[in-house]
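Novice: One structure follows; several queries about it will come next.
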């Protein structure tokens, strides 16, 4: 197991640091690369995995994280991605509890710390992989390749492809998986004692850490392959095989004995019927992943939807990349197997294993994956690349030291490191906000409809709907069946009163995806505005059929019935909305207003009071209830609700105006005058208020002249 000192190591022109100095250096580099992302926002996938994931909330039973997938969907659901990562979700939940809510700083800081810890541990992992497992007289592991392991760890700490894993909160899964992967491997190495005896205890601990890695992300189980390669005894092989098969079986059962369902836009090559074309494109994807490791300047948050067009024929020039990839791999494998240099064979073999094995779950061989390229999945594989690169640098330094002195080689290393650090800093800055992240992708993947969609959505969420229209239109042009882009564009056009085009877009969206409940509801809203009441009603019911618990749709259905004077149906629809969503303010308020307008003041009062028990600080419901109480001549109570509403929203002109009417009826004329004036100051065009104010002034003048 032990090797002599690696012969090329001392040729690397780096200072030979003590173990502590080396680890501090690597930690500083890791922190320097990604520290500027500490105060970033939740971006991209964080919205689903963090913001919209109820499993993070203290009110959700902790047991739910063991029944739901990474995104908070029950594993038995057809819509589940089957990504079972309960330990990762548990850390999100702890972040939420410690911060007292969804404050991103704590989430980002923990990610940065995890990356620094992983980078530091890589020194020990690389030392064992390169120089073998050996002990000093005190039982401490010896590092026979201190400079090579330090260089590889620095390259790992500063690799820009890690930005998504570190700066994106959902990358926590990859970080935790890598951490437990390392701990499992290092713990397994402890099973080999100095006297070459074997400890079953440490193998069992290693298996437990491997299980923890798998419960953080599926790649974690691949550490077993790395460990099996280090075994020779049947007993060890039996233990690891038994543990591995048990974990594979458990993971398969969690998937429901079948992989998740993905669509063609997620992974176009996997839907190609021609198996030859499918294999060619898979290999092209592999070459692109390799290029991201070699030249991490071409990074994008999403690589689907046309970002990587399919290779359809052998004459496509991109086939060259496949040939180049396999030429390099075959050359490395040949050296790993046939080189007379045992140290070279060992380093190349273990480097290739560390590069390839963690990537296997993402390579479409065992099952279809839901992406074309995902930079996150390269987090562990990049360790193998960094090991191979460090070996190459050491080997070149050894072979060519007579052509270039140590100082020249050192300058080259510093230049390479500086380029990586700068790229990490720039890329992590782009991950600080969705606007910068999505915009950065436009130059990398201009053919990706999802990139244009996300840029448009970000602009629309920020209120810039005019600019958003441009990007939504481009998304639909690039992918004519992109239902979410059609839905969002239809909504904006609806707000701009371009109803005919909005109806066309939404109609196409539901024809492409008939179970798209949100598009059915939005189509109903547009049809209602076009006075196509019968079609609108049918659209609303279609939405409810595909999403039974849809309070917003019941609310809009109620509005339709109110427009048609079907008051009972409207009340029933709004009541359904509040049953499904008790804090649905608009539905409660509309019930009060409808009952008020139809003269059912007593029932309106009951509904208003019921609503305020659930929404005690809702000023719109207070306002509506105050109007009802005023008509019931419960002036004191009405005044109380008006004043409470104004304390919450002091600039509500209508509230000042209606309170003035109350005082006018009540005979408190000076107070009425005060609130009429406040209302007119806030909204000079407030309907009826000026007439009421003029009427009050005439009355005050009459009282003044009639006074003795």
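Think of each number as a place in line: the chain as shown, counted from 1.
Placed from the backbone N, Cα and C atoms, the Cβ positions cover glycine too.
Here's the feature list from TrEMBL:
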- 112-133: transmembrane segment (TRANSMEM)
- 199-216: transmembrane segment (TRANSMEM)
- 258-330: domain 'DUF1736' (DOMAIN)
- 290-311: transmembrane segment (TRANSMEM)
- 318-337: transmembrane segment (TRANSMEM)
- 349-370: transmembrane segment (TRANSMEM)
- 449-482: repeat 'TPR' (REPEAT)
- 483-516: repeat 'TPR' (REPEAT)
- 551-584: repeat 'TPR' (REPEAT)
- 619-652: repeat 'TPR' (REPEAT)
- 653-686: repeat 'TPR' (REPEAT)
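Structural setting of the listed features?
Specialist: On the 0 to 100 pLDDT scale, the domain 'DUF1736' (258-330) averages 85 in the predicted structure.
If one looks beyond the transmembrane segment (290-311) by at least 6 residues along the same chain, the residues whose Cβ comes under 8 Å of a Cβ in the stretch are 44, 159-161, 163-164, 265-269, 272, 277, 280-281, 284, 318-319, 321, 325, 371-375, 378, 381-382, 385, 420, 423, 427, 437-438, 440-441, 444-445, 447-451, 454, 478-479, 482.
Sequence-distant contacts of the repeat 'TPR' (449-482), counting only residues of its own chain at least 6 positions beyond either end whose CB sits under 8 Å from a CB of the stretch, comprise 44, 265, 300-302, 304-307, 434-435, 438-439, 441-442, 488-489, 492-493, 495-496, 505, 512.
Under 8 Å from some Cβ of the repeat 'TPR' (483-516) lie the Cβ atoms of residues 449, 452-453, 456-457, 460, 465, 468-469, 472-473, 475-476, 522-523, 525-527, 529-530, 539, 542, 546, all in the same chain and six or more residues away from its ends.
Per DSSP, the secondary structure of the repeat 'TPR' (551-584) breaks down as 27 helix, 0 strand, 7 coil.
Beyond its flanks by at least six residues, the repeat 'TPR' (619-652) meets 585, 588-589, 592-593, 595-596, 601-602, 604-605, 608-609, 611-612, 658-659, 661-663, 665-666, 682 of its own chain at Cβ-Cβ distances under 8 Å.
DSSP states for the repeat 'TPR' (653-686), grouped as helix (H, G, I), strand (E, B) and coil, give 28 helix, 0 strand, 6 coil.
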Novice: Determine which residues of the chain contact the repeat 'TPR' (653-686) at the Cβ level, with the cut-off under 8 Å and only residues 6 or more beyond its ends counted.
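Specialist: Answer is 619, 623, 626-627, 630, 635, 638-639, 642-643, 645-646, 692-693, 696-697, 699-700, 703.
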Novice: For the transmembrane segment (112-133), could you work out the same-chain residues 6 or more beyond its ends whose Cβ comes under 8 Å from its Cβ atoms?
Specialist: 1-3, 5-6, 9, 19, 22-23, 26-27, 29-31, 34-35, 37-38, 141-146, 148-150, 152-153, 156-157, 162, 165-166, 172, 175-176, 178-179, 182-183, 185-186, 189, 192, 346-347, 350-351, 354, 383, 386-387, 390-391
